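Data first, discussion second: the structure below is written as structure tokens.
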Amino acid sequence: MVNMKASMFLTFAGLVLLFVVCHASESEEKEFPKEMLSSIFAVDDDFKQEERDCAGYMRECKEKLCCSGYVCSSRWKWCVLSAPWRR
């Protein structure tokens, strides 16, 4: 009976170790493409798009006005598409 408990414990510990090793190697593989893409598409601070003074689609419109083509929803207080059926 003791040998069976020990073998089950070792099997379980081995599976946990295998899971941890696989997860660690997978997370390293996922980091590589992110780093590569961020270095390729890095944008200089001078070329960053300036923030607009209006709120876009589904953005809060309490302090800011909605951008053109959007209206502030009276119920939800965020910018929605302007349409003829909207009030």
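Yeah, the Cβs are placed from backbone N, Cα and C, and that goes for glycine too.
Feature annotation from Swiss-Prot assigns signal peptide to 1-24; the stated evidence is sequence analysis.
In the three-state DSSP reading, CYS54 (disulfide bond) counts as strand. The feature disulfide bond is assigned by Swiss-Prot to CYS54-CYS67 (among others).
Per Swiss-Prot, the feature disulfide bond maps to CYS61-CYS72 (among others); the stated evidence is similarity to another entry. Residue density at CYS72 (disulfide bond): 18 other Cβ atoms are found within 10 A of its Cβ, drawing on all protein chains shown.
Residues or ranges marked as disulfide bond in Swiss-Prot: CYS66-CYS79 (among others). When secondary structure is read from DSSP and collapsed to three states, CYS66 (disulfide bond) falls in the strand class. Neighbour list (CYS66 (disulfide bond), Cβ cut-off 8 Å, at least 6 residues apart, same chain): CYS54, ALA55, GLY56, ARG59, CYS72, CYS79.
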Quiz item: Is CYS61 (disulfide bond) helix, strand or coil when read with DSSP?
Solution: coil
Quiz item: For CYS61 (disulfide bond), what is the tally of other C-beta atoms lying within 10 angstroms of its C-beta?
Solution: 21
Practice problem: May I ask for the distance between CYS61 (disulfide bond) and CYS67 (disulfide bond), taken between their Cα atoms and rounded to an integer number of Å? | Solution: 10
